[in-house]
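Listed in TrEMBL:
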type: BINDING; residues: Glu99, His102, Lys214, Glu215, Asn218, Gln232, His247; note: chlorophyll a 1 binding site
type: BINDING; residues: Arg104, Leu183; note: chlorophyll b binding site
type: BINDING; residues: Arg220; note: chlorophyll a 4 binding site
Amino acid sequence: MALAGGRGFLVQPCISSSFVCKNIINKPLFGVKNTFWPARLGPTSRVTRTVVRAQLRPTWLPGLDPPPYLDGSLPGDYGFDPLGLGEDPQSLKWYVQAELVHARFAMLGVAGILFTDLLRVTGIINLPLWYDAGAVKFKFANTETLFIVQLILMGFAETKRYMDFVSPGSQAEGPFLGMEVALEGLEPGYPGGPLLNPLGLAKDIKNAQDLKLKEIKNGRLAMVAMLGFFVQAYVTHVGPIDNLVEHLSNPWHTTIIQNLSHPAS
């Protein structure tokens, strides 16, 4: 048996004295029909036939076989788990939820940073840089009060999310200000309802694979963007819109190479 093209194609030659090779099972492999090419007949009337099976799903590295526990059933599953963190089924379920939550926070963060930075750069509103916003003192409440309020609200939301992960659908049980149905959730990680899905885009969550895939792809892109914002802020000490304007004004001499070589002091 020969292996060609990394692991993307399985090439299996078979030589026989007739056109029928008995040691090859002529059945589809994983739903892909086997294709045979007869070789040119030689003086001994022997025929070489080759079976080629294409890789069935895209992976993060073309030709690489994904781990068996990443079977492509999860949204955005491209077989990427170099550390083997998802070998345990229960751990894999938790990591899926953790990635989903981080992706959503990253999308909100990227949108908020770009929007407020655009308002600041254009002079519409006098706002602090995004990495200094947390140190701003507000007149309507002190920092300690805001921290306690955020702790209570975030703690409530995260507790409800965790309980729904442990026991799906349990958050709709018992009275809660008439919002029990809204808290029931479609499935773990997808709360839905009029509060979190007002447009009803994924009421049939079992058949919303395209929406799930789009969400996780945009979320992963947002997480990479947030990493870029962190590095930009550390190196240049300005916001992303300032970086973009400076780069566009002098694209050949204001790049990541120059910024990393000569960081702002």
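Including glycine, each Cβ sits where the backbone N, Cα and C put it.
What TrEMBL says about a protein is an automatic prediction, not a curated fact.
Shown here: features listed in TrEMBL, placed on the structure.
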residue : record                       : Cβ neighbours (10 Å)
Glu99   : chlorophyll a 1 binding site : 17
His102  : chlorophyll a 1 binding site : 15
Arg104  : chlorophyll b binding site   : 16
Lys214  : chlorophyll a 1 binding site : 13
Glu215  : chlorophyll a 1 binding site : 19
Asn218  : chlorophyll a 1 binding site : 15
Arg220  : chlorophyll a 4 binding site : 16
Gln232  : chlorophyll a 1 binding site : 19
His247  : chlorophyll a 1 binding site : 16
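Calculated from their C-alpha atoms, the gap between Arg220 (chlorophyll a 4 binding site) and Gln232 (chlorophyll a 1 binding site) amounts to 19 Å. In this structure, the CA atom of Gln232 (chlorophyll a 1 binding site) is 21 Å away from the CA atom of Arg104 (chlorophyll b binding site).
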